[in-house]
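Feature list (source: TrEMBL):
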type    : residues                : note
BINDING : I11, Q12, G13, R26, T69 : substrate binding site
BINDING : C30, C34, C37           : [4Fe-4S] cluster binding site
BINDING : W36, C37, D38, G71      : S-adenosyl-L-methionine binding site
BINDING : T39                     : Mg(2+) binding site
DOMAIN  : 17-212                  : domain 'Radical SAM core'
Amino acid sequence: MLNVTEIFHSIQGESTHAGRPCVFIRLTGCPLRCTWCDTAYAFYGGRDLTEDDVIARVRAFGCPLVEVTGGEPLSQPDAFPLLTRLCDEGFEVLLETSGALDTAGVDRRVHVVLDVKCPGSGMAERMHWPNLQRLASHDEVKFVIKDRGDYEWAREVIRSRDLAARCTVLVSPVFGETDARQLAEWVLADRLPVRFQLQLHKHVWAPDMRGV
Ligand SMILES: C[S@@+](CC[C@H](N)C(=O)[O-])C[C@H]1O[C@@H](n2cnc3c(N)ncnc32)[C@H](O)[C@@H]1O
Ligand SMILES: Nc1nc2[nH]cc(C(=O)O)c2c(=O)[nH]1
Ligand code: SF4
Ligand SMILES: [Mg+2]
């Protein structure tokens, strides 16, 4: 059984897949509390659905790209077989995860977008660092940057672990809080080998709108 906040069809707003039509499965619940989280409505509530229900709802959208997100999707043990089932059904599968939960049980076909929570999130000490050793070239690592302190912390993690040689590294401003231009200029000044991203959907729809 899966506890689900929402299943919706939208334009992927993040990662290297930004701009592509995508179905989102937002699982309920998260053990973290990032200071700037834009999805606190997924912490509680939700509706219990069987894996078959979820697959049927996803299939109905007729879209080959699916993202499992949350909340923290890996906080539900049944998320692991769901990811495998989605791959078996022929979907291209993305997983958006906080970095705090072990990704060892995630199907290797899944494209993992792994956050590394910076100090400004208040959750940096929750990082499960062995997750970085399991990154495949189709995976992506994301740093959401609140301020200059976060930027310098992320830069050190990227350089000391040679992350850009392993996979795409994304840096994103905290929406509505971090000056995007400032972050872009820091990246350029340092020749940091990352992909700067904005949350595209928040520029298309109202930033606080659900289900997009
Ligand atoms: C809501 S989280 C759900 C998945 C998982 N719990 C995680 O944190 O990756 C989805 C993505 O949105 C990002 N995010 C949440 N609030 C944000 C904000 N205010 N500005 C920029 N990105 C944000 C998170 O860092 C994460 O990459
Ligand atoms: N359009 C859209 N793209 C997204 N990419 C990642 C999202 C997420 O909340 O994990 C998200 C989201 O909530 N909406
Ligand atoms: S881990 Fe993800 S869902 Fe949980 S509080 Fe942080 S951003 Fe929000
Ligand atoms: Mg979102």
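Don't overthink the numbers, they just go from 1 along the chain as shown.
Positions of Cβ are set from backbone N, Cα and C atoms, glycine also.
Model confidence over the domain 'Radical SAM core' (17-212) is summarised by a mean pLDDT of 98. C37, D38 are the binding-site residues among I11, Q12, C37, D38 whose C-beta comes within less than 6 Å of an atom of ligand 1, given in sequence order.
Note: the Cα of C37 ([4Fe-4S] cluster binding site) and the Cα of Q12 (substrate binding site) are spaced 18 Å from each other. Listed in sequence order, the binding-site residues among Q12, G13, W36, C37, T39, G71 whose CB lies under 6 angstroms from an atom of ligand 3 come out as C37, T39, G71. A sphere of 10 angstroms centred on the C-beta of C34 ([4Fe-4S] cluster binding site) encloses 21 other C-beta atoms. If you count neighbouring Cβ atoms within 10 Å for each of the binding-site residues I11, C30, C37, the highest count belongs to C30.
Cβ proximity to the S-adenosyl-L-methionine site centre (mean Cβ of W36, C37, D38, G71, cutoff 8 Å) flags the following additional same-chain residues: C34, T39, A40.
Checking each of the binding-site residues (I11, Q12, G13, G71) against C30 ([4Fe-4S] cluster binding site), the C-alpha distance stays within 10 Å for G71. Cα of G71 (S-adenosyl-L-methionine binding site) to Cα of T39 (Mg(2+) binding site): a span of 7 Å.
Taking a Cβ distance under 6 Å to any atom of ligand 2 as the criterion, the binding-site residues Q12, G13, C30, W36, T69, G71 reduce to Q12, G13, T69. Spatially close to G13 (substrate binding site) yet at least six residues away along the chain are Q199, L200, H201, K202, V204, judged by Cβ distances under 8 angstroms. With respect to their backbone Cα atoms, W36 (S-adenosyl-L-methionine binding site) and R26 (substrate binding site) stand 18 Å from each other.
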